[in-house]
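Undergrad: First the structure, then my questions, so here it is.
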Ligand code: PGA
């Protein structure tokens with residue numbers, strides 16, 4: 001919405017080790033000098049979060065966790081909690097399509113994670129989106145509704161101010177297939193009206209909503225210009241320094 005900086009999040013997924021992530025971050029920092037009107041966030045491997053948190057110039061860039069467990073501490077072998085990430089990252093992805101579809105995360109998990117993030121001063125980025133089959137069978141509205149209402153249940157009308165929603169149609173993630181700006185605009189309207197139903201119109205208008213799914217430097221401006229879109233969640237293209245900096249530059253231009 002007007003008044004927000006555009007938010008561009010690069011999700012590196014299970015790519016780049018600690019060293020390569022650090023080198024990339026340094027080069028990105030140099031490449032995007034002078035784009036302070038864009039909020040740039042990268043989500044590295046969990047291993048790199050701590051070293052990058054020491055390296056990152058937080059006036060220019062922030063870090064996000066790709067995932068975390070919702071309990072704060074305890075006997076949960078192999079997990080990292082939002083409490084352990086507190087102070088290291090500003091954002092945390094929740095319910096990314098790969099978490100839902102590859103790792104079987106349920107709506108209940110997103111709900112717990114949204115709350116865990118909030119109680120640890122991490123802004124949750126709740127990712128929602130329909131599969132191709134759900135879209136074809138006319139279930140898109142219901143799917144978005146269930147993921148949204150399920151993920152945001154138990155959130156207060158104060159806390160909704162600190163939540164980002166990412167609309168990512170599953171069929172457009174990592175496939176090179178583009179959702180049309182028209183379809184994205186319709187989905188964003190649906191999302192805002194569902195949030196309005198829960199928290200009122202004013203809150204719904206203020207929630208930041210991102211688009212994600214095969215965004216490239218070529219398509220970025222088309223998505224950034226969509227009414228109601230506040231930024232982008234970029235996967236594959238965020239691994240290419242030149243392409244990702246171009247996307248950030250496009251966001252800078254759109255803001256002008
Ligand atoms: P993609 O990934 O840009 O490679 O489609 C987006 C995402 O997974 O958030």
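Placement of Cβ uses the backbone N, Cα and C atoms for every residue, glycine included.
TrEMBL lists these features:
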{"type": "ACT_SITE", "residues": "96", "note": "active site, electrophile"}
{"type": "ACT_SITE", "residues": "168", "note": "active site, proton acceptor"}
{"type": "BINDING", "residues": "11, 12, 13, 174, 214, 235, 236", "note": "substrate binding site"}
Undergrad: Which residue among the binding-site residues 174, 235, 236 has the fewest other Cβ atoms within 10 Å of its Cβ, if you could check?
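TA: Per-residue Cβ counts within 10 Å for the binding-site residues 174, 235, 236 bottom out at 174.
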Undergrad: When you put residue 96 (active site, electrophile) at the centre and draw a 10 Å sphere around its Cα, which of the recorded positions 168, 174, 214 have their Cα inside it?
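TA: Within 10 Å of residue 96 (active site, electrophile): 168.
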Undergrad: So which binding-site residues out of 11, 13, 174, 214, 235 are up against ligand 1, CB under 6 A?
TA: 11, 174, 214, 235
Undergrad: Sorry to bug you, but what's the C-alpha spacing from residue 168 (active site, proton acceptor) to residue 236 (substrate binding site), rounded to the closest Å?
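TA: Residue 168 (active site, proton acceptor) has its Cα 14 Å from the Cα of residue 236 (substrate binding site).
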Undergrad: If we count other C-beta atoms within 10 Å, could you say which of the binding-site residues 11, 214 has the fewest?
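TA: Counting other Cβ atoms within 10 Å of each of the binding-site residues 11, 214 gives the minimum at 214.
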Undergrad: Do you know offhand how many angstrom separate residue 214 (substrate binding site) and residue 168 (active site, proton acceptor) by C-alpha?
TA: 9
Undergrad: Counting across all protein chains present, how many other Cβ atoms fall within 10 Å of the Cβ of residue 12 (substrate binding site)?
TA: 22
Undergrad: Residues other than 11, 12, 13, 174, 214, 235, 236 within 8 Å, Cβ to Cβ centroid, of the substrate site?
TA: 173, 234, 237, 238, 239
Undergrad: Write out the long-range same-chain contacts of residue 13 (substrate binding site), meaning residues 6 or more apart in sequence whose Cβ is under 8 Å from its Cβ.
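TA: Within the chain, residue 13 (substrate binding site) has Cβ neighbours under 8 Å at 66, 98, 235.
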Undergrad: Let me know the largest Cα to Cα distance in Å among the substrate-binding residues 11, 12, 13, 174, 214, 235, 236, as an integer.
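TA: So the maximum pairwise Cα distance among the substrate binders is 14 Å.
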Undergrad: Taking the Cβ of the residue listed as 'active site, proton acceptor' as the centre, how many other Cβ atoms fall within a 10 Å radius?
TA: 26
